[in-house]
Amino acid sequence: MESTKIAPSFDRASELKAFDETKTGVKGLVDSGISKIPRIFHHSSVELANPKPLPSDLLHLKTIPTIDLGGRDFQDAIKHKNAIEGIKEAAAKWGFFQVINHGVSLELLEKMKDGVRDFHEQPPEVRKDLYSRDFGRKFIYLSNFDLYTAAAANWRDTFYCYMAPDPPEPQDLPEICRDVMMEYSKQVMILGEFLFELLSEALGLNPNHLKDMECLKGLRMLCHYFPPCPEPDLTFGTSKHSDGSFLTVLLPDNIEGLQVCREGYWFDVPHVPGALIINIGDLLQLITNDKFISLKHRVLANRATRARVSVACFFHTHVKPNPRVYGPIKELVSEENPPKYRETTIRDYATYFNGKGLGGTSALLDFKV
């Protein structure tokens, strides 16, 4: 009688713990020479699917717009107006756009990416000393912040730090990327102020309106490392999610992988040399009462032969307890367009967002009126 093969049991909790305790992340798995990814990284076929081809009424949608910021110095009123109109349309329809001539030097962009790569490619014993899930630390290096709560892990490692309003002391940051993190975050804060002015004008408000609401007071920098994946069709670099920030400034690699979901279809975001990718976060959708939208996005697993890196800078208010509540801006609501969201503190929203983890439904749904 032919024997029946029994599939080996899968103890997910034990495998997650074993992976986490290596303290070397996905990079450690790749360095070990694996040819198949562990089951904890397997995502469902439903999540991995991408409906194609596009229906005829969406064929005109190529990808997210690219907007020229004129070196952040609009001497020409027409160019200024065009930038505002471009941002208004992109923020309302895509929630994403790329910016060129943004005032951050190409040299600094490359140095920042090199710093991320240099950190993650240090010897494992160096990285192990910094690996932690103590989210109270100034600097955190780990793999998958939601490792124990997500349905499946993502094929990436990350380090992050809050750079504003209370920047870390130099000794709090790894020497290998310290200087470039400090300089890049300063430049992103300057760019962020300019972007929030344009976004305010796009809403028909005073240029300082969003700044006065402290939308750009806090800045959190996440530096992702996506090693080559031996089975990229089974997992993600980052699973689908929207950002729980007001605004995100993303420094991408020239290895593509970012996709944005619009009307149920995933659109590739092409590499534009020297560009930064800007996207609307949940909190900006909330306070603009859906005038600007925060779309879900994801990163495909890396098919290249070298690692992909990216740097995401999230504009919040700040992480310290703050009684200030945020709801739809009063100038943007009326009897015909009543508030769609209830008021919340940033801390309450962040607690819910982080507890929910990536994937699934938008955290905004829980704050609907």
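Using the three backbone atoms N, Cα and C, a Cβ is placed for every residue, glycine included.
Between the candidates His120, His209, His271, His297, Swiss-Prot assigns the Fe cation site shared with His241, Asp243 to His297.
Considering other CB atoms within 10 Å as the measure, the emptiest surroundings among the binding-site residues His241, His297 are those of His241.
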